[in-house]
Amino acid sequence: MTNDNSGIWVLGYGSLIYKPPSHYTHRIPAIIHGFARRFWQSSTDHRGTPANPGRVATLIPYEDIIRQTAFLKNVNLYSESAPIQDPDDLVTIGVVYYIPPEHAQEVREYLNVREQNGYTLHEVEVHLETNREHEAELGEALEQLPRHNKSGKRVLLTSVYIGTIDNEAFVGPETVDETAKVIAVSHGPSGSNYEYLAKLEQALAQMPIMKERGRITDHYLTALLETVNKYR
């Protein structure tokens, strides 16, 4: 979450993409550089139980990926930019929501409760995929943001909840097959683990974002969903 003079920005890369916070007025697709999305965070409070933890998404930073051979092998397996040699080789699609000031505190409190079980706040830069409607309606808020010198996209420095590799709920690295077997059978207070994954994949499919090589695709997520379907 990041404040400006008019409200706050909320970044999502997992369930927030298809289950947004209340009171948002605008939803903008965004590209997160330098991180890979993986279902390596266990869930005992939403998509699993303490006895049978599920799996939910977290972001793995470039620095951790290149330091651990198993992480790098997994990321290279599903990356269009393999072998990974630079933070910009890692591209993850997310969304940012704009929350007006009168609802900012309510949304902060809601997210602090929702994003528990090992998640902590971190700052990341995202490149916004704005359109003419966004620019017209959020003119003042967007004009405060710098543009990237290569892409020309507006760059937002914002806070996001991440399950780091040293938190007690982190279970990676796992193969897609290992993770899929857990997701296929896990349920929690928020519903089935499969629903979480399927809705995220569907939401991303409806957000076509293009780069030099064509449409950005999360091949890891696609492989994970296909494998889960084999075990259901």
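Glycine residues also receive a Cβ, built from the backbone N, Cα and C atoms like all the rest.
Look at Swiss-Prot and you will find Glu115 tagged as active site, proton acceptor, backed by similarity to another entry. Taken from Swiss-Prot, the feature substrate binding site covers Val10, Leu11, Gly12, Tyr13, Gly14, Ser15.
What Swiss-Prot annotates, mapped onto the structure for a quick look.
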residue	record	contacts (Cβ under 8 Å, 6+ apart)
Gly12	substrate binding site	Pro20, Gly94, Val95, Val96, Tyr97, Val160
Tyr13	substrate binding site	Ile32, Arg37, Ala57, Leu59, Thr92, Ile93, Gly94, Val160
Gly14	substrate binding site	Arg37, Val56, Ala57, Thr58, Tyr196, Leu200
Ser15	substrate binding site	His46, Val56, Ala57, Tyr196, Lys199, Leu200
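The substrate site is set by Val10, Leu11, Gly12, Tyr13, Gly14, Ser15; from the centre of their CB atoms, other residues of the chain with a CB within 8 Å are Leu16, Ile17, Gly94, Val95, Val160, Tyr161. Counting Cβ atoms from all protein chains shown, Leu11 (substrate binding site) has 20 others lying within 10 Å of its own Cβ. Using a 10 Å Cβ-Cβ cutoff, Val10 (substrate binding site) registers 26 neighbours.
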